[in-house]
Every structure is written in structure tokens, then in C-alpha cells.
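Asks: Take a look at the following structure, please.
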Amino acid sequence: MSHRHTAYVGRFAPSPTGPLHFGSLITAIASYCDAKVHQGKWLVRIEDTDIPRIYPGSEAHILACIDAFGFQPDGEILFQRDRLDLYENVLEQLKAQNLVYACQCTRKMLGSNAIYSGTCRNLNLPFQNQAIRVKVKDQLICFDDRLQGIQCSNLAHDLGDFVLKRRDGIINYQLAVVVDDYMQGMTHVVRGADLLDNTQRQIWLGDLLGYPRLHYLHLPLAMNAQGQKLSKQNMAAALDLSKASQYIQQSLAALHQPAVDLDTPDRMLKQAVAQWQLNHIPHQTRLAGTYL
């Protein structure tokens with residue numbers, strides 16, 4: 001499958017499962033600078049399909065951060081909760097092509113097995129009130145990450161058929177992100193290395209749907225003092241909007257970018273774009289040092 005031969009379109013796509021933290025800001029700044037240095041568009045998408053995990057107030061904090069840190073999205077902010085019918089339509093398309101099947105396996109039944117064995121693949125179960133899995137093949141899927149280099153995975157060996165819709169009716173992240181990246185005309189994805197192993201799944205699904213492949217860049221992760229990646233699950237501190245300029249300086253330093261003058265956030269971002277050096281970012285999955 002070929003790549004899109006169009007102007008750069010990138011995005012920042014946080015989930016409102018908690019407030020934005022320093023690790024989130026690193027991703028936002030890197031994706032913004034990379035888009036702007038290529039004279040591209042930078043879009044914001046709120047990935048809020050997993051309703052039970054949404055944390056009260058986090059969406060408002062995300063939107064406040066976008067404004068306070070001087071980001072200027074090139075279009076309206078998209079909310080996945082408004083697009084559930086679209087995802088269902090794509091699922092129907094996959095059903096019609098016999099590329100997915102219903103699965104009745106529970107977490108208890110699967111136990112600790114990381115690789116799904118295909119228990120339900122040939123049972124022809126009704127789709128109602130069941131999870132929906134997409135079929136994978138025994139083949140190698142590779143992509144050339146712009147920072148991490150060549151990445152390969154055989155989904156049949158490493159993962160097995162994976163879920164696109166949960167039995168509780170929640171659309172899985174993998175389906176929603178692939179559909180939205182295509183519908184929004186995305187060409188480039190800049191995100192954290194914690195999502196590196198999601199990429200082959202998304203490439204596989206995009207190939208099944210006939211979507212052009214994207215260009216990927218997976219950033220090294222900021223870590224806390226315990227050696228854990230900064231995340232909502234690890235209780236990373238929420239960004240303090242009153243310290244936006246200082247956070248921008250710290251984020252650029254973490255990415256090994258040239259220093260920018262302490263100024264208003266929007267002016268600092270403009271200077272960061274003008275000085276952006278992708279080859280300065282460490283070619284690893286973790287950043288040295290600790291970040292609170």
C-alpha cells in the first residue's frame with residue numbers, strides 16, 4: 001500500500017482519561033513543531049470512545065492547555081464520541097468482506113495468554129452482544145519509523161486476531177484511530193514510543209480498508225523517579241497552566257532541541273519551530289533523566 005503524496009497533515013490526539021501531564025506536552029510540542037517545520041497542518045482530536053475511563057474535568061483541562069500553551073490547531077477540534085456511527089459503518093464494511101468475526105471469549109477464559117489463539121474464528125457466532133475481532137494473517141508487517149528505524153511484527157505470531165469492538169459495545173482504539181486518521185487526511189503521526197507496538201495493528205487494519213499508509217515517528221518517553229513512564233495511570237502531575245512558558249523550555253530540553261527565549265507561549269513555539277532539529281532527538285524509547 002502506498003503513502004499519501006500530499007502536504008503534511010499531523011495531529012495531537014489525547015484521551016480524556018486524566019489531565020495532560022509533562023509527557024503529553026512533549027508529544028504535543030514535537031508533533032506541532034514537526035508539522036509546522038514542514039509547512040503542514042496540525043490538528044487536535046479528542047479520543048474519547050472509552051467512556052467508562054473518561055476522567056471528569058480532563059477534557060476541559062486538555063482544551064485549556066491547548067490554548068494556554070499557545071497551540072493553534074488548523075481546524076476544529078474533533079471528538080470521537082461524535083463519530084460512533086462512522087465506526088459502526090466501517091465495521092459493517094469489514095463484516096461484509098468476512099474480515100471480522102464475533103468472539104465470546106472473556107478475559108477469564110483467555111487467562112494470561114498474550115496471543116489470541118483464534119478460538120472463535122470459525123464458530124460463526126452472531127455479532128450481537130459479542131466482541132468483534134479482525135482476522136490477521138501469518139505475514140511480516142514492517143515500517144520505517146522516522147526516529148526508531150525499521151520496525152517489524154508478525155501479528156499472527158505476536159498478537160493474534162485483535163478486538164475492534166468490545167462486548168460492552170465500546171469501539172476499540174485501533175479502529176477509531178485508523179478511521180479518523182484516514183478521514184482527516186492524516187499523513188504523519190508523531191506520538192510516544194509506548195504506542196510503537198500498536199502501529200502494525202493500525203497498518204494492517206488500514207491496508208484491509210484500502211487506506212494509504214502513514215509516516216510514523218515514535219518519541220522517547222519521559223520517566224518518573226521510579227523509572228515508570230509519565231502517565232495518568234502512574235499519577236503523573238497535571239500541567240500547571242500558569243507555568244506554560246517554563247514547561248515549554250523543559251520539553252524542548254528533554255527533546256535535545258535548541259533553547260528558546262523565555263517569552264509568551266505562542267512566541268516560544270514559533271521560535272521552537274524555526275529551530276526544530278529532528279535529528280537531535282535521542283534514537284531510543286526512553287529519555288534520560290527523570291521528570292515530575
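Placement of Cβ uses the backbone N, Cα and C atoms for every residue, glycine included.
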Asks: Since Swiss-Prot lists R11, F12, A13, P14, S15, E47, Y173 for L-glutamate, which candidate among R167, R191 does it give for that site as well?
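Replies: Answer, per Swiss-Prot (L-glutamate site with R11, F12, A13, P14, S15, E47, Y173), from R167, R191: R191.
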Asks: Quick one: which of 49-53, 224-228, 229-233, 279-283 does Swiss-Prot have down as motif ''KMSKS' region'?
Replies: 229-233
Asks: Rank the binding-site residues F12, Y116, Y173 by the number of other Cβ atoms within 10 Å of each Cβ and report the first-ranked residue.
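Replies: Top count of Cβ atoms within 10 Å goes to F12.
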Asks: Specify the count of other C-beta atoms within 10 Å of the C-beta of R11 (L-glutamate binding site).
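Replies: Here the count is 26.
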Asks: If you skip the near sequence neighbours and keep only those at least six away, which residues in the chain come within under 8 angstroms of E47 (L-glutamate binding site), Cβ to Cβ?
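Replies: Result: A13, P14, S15, Q80, Y173, A176, V177.
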Asks: Give the distance between the Cα atoms of C105 (Zn(2+) binding site) and F12 (L-glutamate binding site), rounded to the nearest whole Å.
Replies: 34
Asks: Is it possible to list how many residues within the motif ''HIGH' region' (14-24) are helical, extended or coil according to DSSP?
Replies: 3 helix, 0 strand, 8 coil
Asks: Count the other Cβ atoms sitting within 10 Å of the Cβ of R191 (L-glutamate binding site), across every protein chain shown.
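Replies: Cβ-Cβ neighbours of R191 (L-glutamate binding site) within 10 Å number 21.
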